[in-house]
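Engineer: Right, I'll just put the structure down here and ask away after.
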Amino acid sequence: MAAYKLVLIRHGESTWNLENRFSCWYDADLSPAGHEEAKRGGQALRDAGYEFDICLTSVQKRVIRTLWTVLDAIDQMWLPVVRTWRLNERHYGGLTGLNKAETAAKHGEAQVKIWRRSYDVPPPPMEPDHPFYSNISKDRRYADLTEDQLPSYESPKDTIARALPFWNEEIVPQIKEGKRVLIAAHGNSLQGIAKHVEGLSEEAIMELNLPTGIPIVYELDKNLKPIKPMQFLGDEETVCKAIEAVAAQGKAKK
């Protein structure tokens, strides 16, 4: 029997997801479809009777709005919310804002897959002349970050490395106190949590496609190890289509 339950949810489709662009730390909002995904995710949690004690999320609006929508659906908008840059999306550096399919057509799908799916290979850095450099690096929500903490690019390994301290120092104690925890975050930061919780290999985690807007449930033992595979709260067809859509990103259009 599970000692704890942990629920994760990836934000709904953003405006830049809709345009198939590398979103990174750019603060894209939810698209209309993404808002509907978040509503359906919240309804799935409501239908399953989930209640929470604390929520944790990033400082990016597409996730914050997803969380708001979920909490509205389950009528728990009063819950405390902790926001942290450590749960932000991976920083895609110089690729930020580029269309993934066009980038694949220009550089080849193999190169884009290396940038997107290699565990420890970072993309090109975001240079000061990048059109979104000031938009991100000068954003006051990051004013307290040190020069070492504020990235110009990240590999998945880097993203996991900055998310894990928050997991160990903030999330784990909440779970062990018996708090019912909901984490709303991004594909790469949630991959990091999944890798750590499940003990996945570097290769396995890079093939894990987490769907947008669909709650993911872990049942954990007293050592916070899963007693069964992650469970998606949604009908099988919807979940499969959402996973396939994520997997198809980064491919050149035929």
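Yeah, the Cβs are placed from backbone N, Cα and C, and that goes for glycine too.
Sequence annotations record features per position, and here Swiss-Prot assigns substrate binding site to 10-17, 23-24, R62, 89-92, K100, 116-117, 187-188. As annotated by Swiss-Prot, active site, tele-phosphohistidine intermediate applies to H11. Positions annotated as phosphoserine by Swiss-Prot: S14, S23, S31, S118. Positions annotated as phosphotyrosine by Swiss-Prot: Y26. Residues or ranges marked as active site, proton donor/acceptor in Swiss-Prot (evidence: similarity to another entry): E89. Summarising the annotation, Swiss-Prot assigns N6-acetyllysine to K106, K251, K253, K254 and lists similarity to another entry as the type of evidence. The site 'Transition state stabilizer' feature in Swiss-Prot is assigned to H186. The annotation N6-succinyllysine is assigned in Swiss-Prot to K251.
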Engineer: Rank the recorded positions H11, R90, K100, K106 by the number of other Cβ atoms within 10 Å of each Cβ and report the first-ranked residue.
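Structural biologist: Of the recorded positions H11, R90, K100, K106, the most buried by Cβ count within 10 Å is H11.
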Engineer: Out of R10, E89, S118, which of these recorded positions is nearest the residue listed as 'phosphotyrosine' by C-alpha distance?
Structural biologist: E89
Engineer: Using a 10 Å cut-off, grab the number of neighbouring Cβ atoms around the Cβ of the residue listed as 'phosphotyrosine', all chains included.
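Structural biologist: Other Cβ atoms found within 10 Å: 21.
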Engineer: Whole-number answer please: how many Å between the C-alpha atoms of R10 (substrate binding site) and S118 (phosphoserine)?
Structural biologist: 21
Engineer: Compare the Cα of G187 (substrate binding site) against each of the recorded positions S23, E89, K106 and report the nearest.
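Structural biologist: Closest candidate to G187 (substrate binding site), judged by Cα separation, is E89.
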Engineer: Work through the modified residues one by one (S14, S118) and point out the residue whose CB has the fewest other CB atoms within 10 angstroms.
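Structural biologist: With the modified residues S14, S118, fewest surrounding Cβ atoms within 10 Å: S118.
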Engineer: Based on Cα distances to E13 (substrate binding site), point out the closest of the recorded positions S23, S31, E89, K106, H186.
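Structural biologist: Minimum Cα distance from E13 (substrate binding site) across S23, S31, E89, K106, H186 lands on S31.
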Engineer: Round to the nearest Å and give the CA-to-CA distance linking H186 (site 'Transition state stabilizer') with S118 (phosphoserine).
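Structural biologist: Computed Cα spacing between H186 (site 'Transition state stabilizer') and S118 (phosphoserine) is 17 Å.
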